[in-house]
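Listed in TrEMBL:
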- 30-52: transmembrane segment (TRANSMEM)
- 59-77: transmembrane segment (TRANSMEM)
- 83-104: transmembrane segment (TRANSMEM)
- 116-137: transmembrane segment (TRANSMEM)
- 192-213: transmembrane segment (TRANSMEM)
- 278-306: transmembrane segment (TRANSMEM)
- 318-336: transmembrane segment (TRANSMEM)
- 348-367: transmembrane segment (TRANSMEM)
- 373-395: transmembrane segment (TRANSMEM)
- 407-429: transmembrane segment (TRANSMEM)
- 435-458: transmembrane segment (TRANSMEM)
- 466-488: region 'Disordered' (REGION)
Amino acid sequence: SVFFSFGLCIAFLGPTLLDLRCQTQSSLSQITWVFFSQQFCLLLGSCLGGVFKRTLAQSLFALFASSLAISLVFAIIPLCHNVVVLAVVMAVAGLAMGCIDTISNMQLVKIYQKDSAIFLQALHFFVGFGALLSPLIADPFLSDTNCILSNSTANASSNLPHIRKSLVPHHPGNLSHYDLPMKGMVVTRVSYAFWIMALINLPVPIAVFFLLYKERMVPCFNGSSHPLLSADELAMETRPAEKEDLSTTVQRPPHAGGHDDLFSCCQSKNFRGASYTYFAVHITGALVLFMTDGIVGEYSGFIYSYAVEEPLSVVHKVAGYLPSLFWGFITLGRLISIPVSYRMKPATMVFINVVGVLITFLLLLIFSYSVVFLFVGTASLGLFLSSTFPSMLAYTEDILQYKGCATTVLVTGAGIGEMVLQLLVGSIIHDQGSYSFLVCGMIFGGLAFTFYAFLLFFHRMYPKPSSDMDGASPDKAAVMDDTGQYQR
């Protein structure tokens, strides 16, 4: 449910940005800074999310506060009549989204460990579901004509379809050459969309609070309720006898400090005694997601602009379906990945994903003059990219026996890639033309495959847990107090 909040919040900004521009009476270049404030604070929140990992109670309180903040943001946005205030409110939403991203992934990995792949696939499906729903909620309330009435409204309104299709999720596109009126009477009904989304999201923090109550974690209400599940049941039927062996369990090495925030992970005490393969697994895993999540950002951000340019010259209305098709197949792919992950190892799924992305971009380059294949390739790319993040997270944590900082490092690397590659591709397209869009995608896909090959190599080199470390195996570690896993 909290990842549904994440998806609901990440996709509404593109379609509603023109109406928010009217509400704040700002220019297009000013309002697009709201994108930056959200994305930058999302990355910051992802880095800081691990701070709340010490106990299950801390994690749930952080998720409660984050999901409640998202509901409050939806309710407050219609009251923001200044673009700076709107940017600050969206920065708060970004921080909440970043905390949800890191904490949810981290807790599922800690609870289910080698069985976490299926739960991670389901988790990321709800991001796509929320991202598909929020634009549908907003659409009936968007202005058909320019929502600031002035003498130049008639001329400006002819640009609205093109501008609106350029404002796809995550990326505002290059809008500096459009001139829209900034003064006049504001006519917009977009406030209703945000209040509806606030109401739809309100059950999420209520559900998290109910879980806190049932788990006896609310200070004022911990007398009569019974926990929903015991720690052993959450830890996949761990045997009670194992608890008696904790005194004889071999202590974890210094670098196996568990899941921390990014800054704790970078402390030198965590590196003592660690082999070079320990660092290599973290770095190569993060680089794979840097590339693949970067591809998601740059493809969704520029596929419309690429389609309307020569040689394809797709009509604007038809080209506007491409970002929706891309995100729709990402969501479909995540749904398909839930049962598939029962049968297939995470390493195999990631291999299929990166190879599929590389082949799809190659075919898109070969058939670059075909509009039909552009739609087919967009759907294919969405399917192959859909399960990359949860599969890579499960695979990397498996390699490290759940004793590294993989979750935090991978979430942060993916967020940086999404921001950096969008800016890079935008500048390259501006200088080299639209065809460079597919060339960049091909290069990024090739780099993702290369980094994954290095990850496989370092996996083979990574030291296997010895027999005397059986007591610290993932199954037994589930009930260890020093992991902070089920402390209340």
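Here the Cβ of each residue, glycine as well, is placed from N, Cα and C on the backbone.
Unlike curated records, TrEMBL annotations are generated automatically.
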Feature contact check the transmembrane segment (435-458) with the transmembrane segment (83-104), CB under 8 Å, 3 or more pairs: no
Among 192-213, 348-367, 435-458, stretch most in contact with the transmembrane segment (278-306) (C-beta, under 8 angstroms): 435-458
Any contact, the transmembrane segment (59-77) to the transmembrane segment (192-213), with at least 3 Cβ pairs under 8 A: yes
Same-chain residues at least 6 beyond the ends of the transmembrane segment (435-458) whose Cβ lies under 8 Å from its Cβ atoms: 277, 280-281, 284-285, 287-288, 291-292, 294-295, 298-299, 302-303, 305-306, 347, 350-351, 354-355, 357-358, 360-362, 364-365, 368, 396, 421, 424-425, 428-429
Outside the transmembrane segment (373-395), six or more residues from its ends: residues with CB under 8 Å to it: 105, 109, 116-117, 120-121, 123-124, 128, 285, 288-289, 292-293, 295-296, 299, 303, 307, 312, 314, 322, 325-334, 336-337, 340-341, 345-347, 349-350, 352-354, 356-357, 360-361, 363-364, 367, 406-407, 410, 414
Within-chain partners of the transmembrane segment (348-367) [C-beta distance under 8 Å, separation at least 6 from its ends]: 288, 292, 295, 337, 340-341, 373-374, 377, 380-381, 383-385, 387-388, 391-392, 395, 438-439, 441-442, 445-446, 448-449, 452
Long-range Cβ neighbours of the transmembrane segment (318-336) (under 8 Å; 6 or more residues past either end): 11, 121, 124-125, 127-129, 131-132, 135, 161, 164-165, 168-169, 296, 299-300, 303-304, 307-308, 374-375, 378-387, 390
Long-range neighbours of the transmembrane segment (192-213), counting only residues six or more past its ends (CB under 8 A): 1-2, 4-5, 8, 12, 16, 57, 60-61, 63-64, 67-68, 70-72, 74-75, 77-78, 133-134, 137-138, 140-142, 221, 225, 228
